[in-house]
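Visitor: Before anything else, here's the structure in question.
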Amino acid sequence: MLALAPQDLRLDVNALDYLILALYFAVVVGIGFAARRAIRSSSDFFLAGRALPAWITGLAFVSANLGAIEILGMAANGAQYGLMTVHYYWIGAIPAMVFLGIVMMPFYYRSKVHSVPEFLRRRFNPATQLFNAIAFAVAQVLIAGINLYALALVMEALLGWPLWLSVIVSAAIVLAYITLGGLSSAIYNEVMQFFVIIAGLVPVVVLGLIRVGGFEGLGQKVRESVLGDGALHTWSNTATTDNPLGANWIGIVFGLGFVLSFGYWTTNFAEVQRGLSARNTNAARLTPIVAAYPKLLIPVVTVIPGLIALVLFSNLGKDGGPEYNYAIPLLMNEFLPNGVLGVAVTGLLASFMAGMAANISGFNTVFTYDIWKGHVNGEKSDEFYVRLGRIATIGGVVAGIGTAFIAAGFSNIMNYLQALFAFFNAPLFATFIIGLFWKRMTPWAGFWGIIAGTLAAFAVYIPYRAGILDLGTDLNASFVAAGAAFLVDAVISVVITLVTTPKPEEELRGLVYGLTDVDLKDDSIAGDKAWYRSPVILGSGALVLAAAFYLPFL
Amino acid sequence: MLFDIRRILGGLFAVYGVILVVVGLLDGAEEIAKAEGVRINLWTGIGMLVLAAIFLVWERLRPKDVPDPSDDASGDA
């Protein structure tokens, strides 16, 4: 085992690695300029012209979530909690993504809304839209700031760049390609980033496995490590909280699998927006389902490197040793020669930026449509809103730089993100699910449900943070906060519905299950009937695989 | 629609692939030893060239991803 001092994080990059990095960002900015020429209307800028096939929107969907915080954070969780980290993928992400594709996407796409808050306005009322739009806009700027700060920290540690330089350079690149090309630029770059980050991580995993003696050797060494045998199982000892994650099966299935994940994947506009840019309803439905297949395999390049780092570096995550978040950079340093090293660094940097770009492109749409057009001035020309979207992009990036330092106080960045999602997405999911299936649910029930649910999440999480409420680990606290938000939202929604007036059915056509909009034309194209383009068949396939993947690691 | 992303992906990975293959062939004992005795640059480069070829061939075979309605009528029957 190797003991490492913090300065060992510095990567030995040379001109070749910088060439690979520079080539990538030249292409990124080039895509921005090329995309600019295709922008003629607000639909081109904010929805990529609604012209993309499912494989592009699907890869962008998975990539928008595959920011470097996610990659480094999940490797950190792998080193800290072992294989239970795969719950985030197999019971967390996959069922929620399939549900989004099969059940919810038709409502989003066919109602022709630009954003999730706009859907809330149509189903409920403008107050609900405004509350959600502001909460979302604030959250996106905060998360963009976290991305930026994390990027700067990693670049300082790995390449020795001063903090301010990384912040300015990467913010400038994101700003350039989103301002120029809007959502198409963001999506094309996400697809490219997906392949580059995978190309950078696969060599790390392969060489790491060779070092530790393959999967068998890794299992052996993890058993002998501080985590012990528990790190090789996913469901054993979940009747109690006596497992590495410190959560029981109820917390995992309902807290993580149901409330947190469904909330995040089905109502988070930064994700849903990728589906809205698809060329027709079928492609929109396939977007999260196409994304589910790569998502199933992402643990191979996150959780496994985390475990490899755990057994190779004796002081990982200990006092005086490197943080868990540096598991992957440590392995890059250990194994990769110049060349592939440049690819891996490029992948990391690209995924930081893609994460931030997803936040910013969600932010500019919601700001323009839901805050400005919806509540300040909705009477302007189409060109005005494209220009406003570009200004909002600049404002969002600047605000992201400004808020970057809020993330500084938290040891494990993932937990902070989870906390934010619990506050904004978990109650939203309750409102959506009731609103979609119960046509009686009233506009004000939508509004007060979300407010009450959000407050409930704060009411659990803040006392936990302050040390008044003991919930074990940070992760378990976020499961509980999300669960509370969901339940309170549901109860308040039902109570308010019973004492207020529902919308007439006519206004709810196409927005509620069972009330179809007869005026909508079937937009399917030839070939959509094939089994390999069926959301139900492909979605079921993803669920079966997720269940099957658990079998060797029960 | 916009320019075809497959051409960009194919182009980027072709360039990366060529760079890594050349570097991989020139790698000395030190680089190979660091990577557990594997010529990792060479293998990654080859992998990237294969990926580039897939994107470029796919784009050549089906230039637009949106199928032409006229030639799909028969395929649906």
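Glycine is no exception: its Cβ is also placed from the backbone N, Cα and C atoms.
Sharing the record's features from TrEMBL:
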TRANSMEM  A:18-39  transmembrane segment
TRANSMEM  A:51-76  transmembrane segment
TRANSMEM  A:88-109  transmembrane segment
TRANSMEM  A:130-155  transmembrane segment
TRANSMEM  A:161-180  transmembrane segment
TRANSMEM  A:246-265  transmembrane segment
TRANSMEM  A:286-313  transmembrane segment
TRANSMEM  A:340-367  transmembrane segment
TRANSMEM  A:388-410  transmembrane segment
TRANSMEM  A:416-438  transmembrane segment
TRANSMEM  A:445-464  transmembrane segment
TRANSMEM  A:530-551  transmembrane segment
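Help me picture these features in the structure, burial and contacts included.
Guide: Beyond its flanks by at least six residues, the transmembrane segment (A:18-39) meets 45, 49, 173, 176-182, 184-185, 188-189, 192, 196, 339, 342-343, 345-346, 349-350, 353, 386 of its own chain at Cβ-Cβ distances under 8 Å.
Sequence-distant contacts of the transmembrane segment (A:51-76) (same chain, at least 6 residues past either end, Cβ-Cβ under 8 Å): 85, 88, 93, 97, 146-147, 150-151, 154, 184, 186-188, 190-191, 193-194, 197, 201, 270-271, 274-275, 277-279, 282-284, 286-291, 294-295, 298-299, 301-303, 305-306, 309, 317, 323-329, 348-349, 351-352, 354-356, 358, 412-414, 417, 533.
Nonlocal intrachain contacts for the transmembrane segment (A:88-109), taken as residues 6+ away from its ends with a CB within less than 8 angstroms of a stretch CB, comprise 61, 65, 74, 77, 116, 119, 252-253, 256-257, 260-262, 264-266, 272, 275-276, 278, 281, 284-289, 291-292, 295-296, 298-299, 432, 436, 510-511, 535-536, 539-540, 542-543, 546-547, 549-550.
Here the transmembrane segment (A:130-155) has long-range neighbours at 67-69, 72, 115-117, 120, 161, 163-164, 166-167, 170-171, 269-270, 329, 348-349, 352-353, 355-356, 359-360, 362-363, 366-367, 370-371, 374-375, 396-397, 399-408, 413, 416-417, 420, 423-424, 428, 447, 450-451, 454, meaning same-chain residues at least 6 beyond its ends whose C-beta is under 8 angstroms from one of its own.
With a cut-off of 8 Å between Cβ atoms, the residues of this chain six or more beyond the transmembrane segment (A:286-313) that come close are 1-4, 54-55, 57-59, 61-62, 66, 70-71, 74-80, 82-83, 85-86, 89-90, 93-94, 97-98, 100-102, 105, 194, 198, 201-202, 204-205, 208-209, 211-212, 218, 221-222, 224-227, 231, 265, 271, 274-275, 278, 321-322, 324, 327-328, 330-331, 334, 533, 535, 538-539, 542, 545-546, 549.
Counting same-chain residues at least six beyond the ends of the transmembrane segment (A:340-367), those with a Cβ under 8 angstroms from any Cβ of the stretch are 11-13, 16-21, 24, 28, 46, 63-72, 114-115, 117, 133, 136-137, 140-141, 143-144, 147-148, 150-151, 154-155, 158-159, 170-171, 173-174, 177-178, 182-183, 186, 189-190, 192-193, 196-201, 203-204, 269-271, 273, 328-329, 332, 389-390, 392-393, 395-397, 400.
Non-local neighbours of the transmembrane segment (A:530-551) in the same chain are 54, 86, 89-91, 94-95, 97-98, 101-102, 234-235, 282, 285-286, 289-290, 292-293, 296; each lies 6+ residues outside the stretch with a CB under 8 Å from one of its CB atoms.
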Visitor: Against which stretches of its own chain does the transmembrane segment (A:445-464) lie, if we need a Cβ under 8 Å and a gap of at least six residues from its ends?
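Guide: Long-range Cβ neighbours of the transmembrane segment (A:445-464): 120, 123-125, 127-128, 131-132, 135, 419, 422-424, 426-428, 430-431, 434-435, 470-471, 477-478, 480-482, 484-490, 492-497, 500.
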